[in-house]
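What follows is a single structure, written as structure tokens, with notes after it.
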Amino acid sequence: MIGKLSLLLVCVAVASGNPAAGKPWHWKSPKPLVDPRIHVNATPRIVGGVEATPHSWPHQAALFIDDMYFCGGSLISSEWVLTAAHCMDGAGFVEVVLGAHNIRQNEASQVSITSTDFFTHENWNSWLLTNDIALIKLPSPVSLNSNIKTVKLPSSDVAVGTTVTPTGWGRPLDSAGGISDVLRQVDVPIMTNDDCDAVYGIVGNGVVCIDSEGGKGTCNGDSGGPLNLNGMTYGITSFGSSAGCEVGYPDAFTRVYYYLDWIEQKTGVTP
């Protein structure tokens, strides 16, 4: 059971050639945070990893939600973006920015698309954080190019111990004033669900966790973004520890493989 669930709303200023251009908006991260049930001995860490090579993750989407919230997403077809339910729950509209690396700059590669057609999983539970998955339908197919590509869905599950790579514009440090200007990535191993559940108590079959004990992980602003491996997305950034991003507690992702039937039913997209 959850001792306490809090939504950390971190205000961050963004000014770029995408939806934030010329507007004094203050973006908030809706990433859910859960109180750990056990103590993890870990030293403070830089959570953001390293800056990604520009456009090396061309399926990565930046989501500007209701002029207020920021999340990530994955382009799984020319018309569909995969993200987290906690990002889209109660939203009115979303600006989907594709082809971006630096979200504070007006990059020629960026394409911005407004959508009001999206939905969360029918059994999304914001208290237990189950079924944390959502889909965004673009109003028309986006043109694919070297900077904007789709990512494949996995045809098999990811094994414990496998090194995977989450990506996003989330905060690189707990002390950071806002999200990262540039897309970042970090390599981390998959851990067992039993070990992850020992920390949070809410980890079911639809969740996959990464071991952050080595000093790496995701943070606020990474919500909804992909967990990458071999050209496929195995997870959707879901929740982390209320103790902070730098203390070494596991990070949890929605397990994409578990939801393949649901994704196919809604979009027709298959592995």
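Glycine residues also receive a Cβ, built from the backbone N, Cα and C atoms like all the rest.
According to Swiss-Prot:
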SIGNAL    1-15  signal peptide
DOMAIN    46-268  domain 'Peptidase S1'
DISULFID  Cys71-Cys87  disulfide bond
ACT_SITE  His86  active site, charge relay system
ACT_SITE  Asp132  active site, charge relay system
DISULFID  Cys196-Cys209  disulfide bond
DISULFID  Cys219-Cys245  disulfide bond
ACT_SITE  Ser223  active site, charge relay system
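Cys71 (disulfide bond) and Ser223 (active site, charge relay system) have their C-alpha atoms 5 Å apart, to the nearest angstrom.
Here Ser223 (active site, charge relay system) is positioned 7 angstrom away from Cys87 (disulfide bond), judged by their C-alpha atoms. Cβ neighbour density within 10 Å is lowest for Cys219 among the disulfide-bonded residues Cys71, Cys219. Classification of Asp132 (active site, charge relay system) by DSSP places it in coil, neither helical nor stranded.
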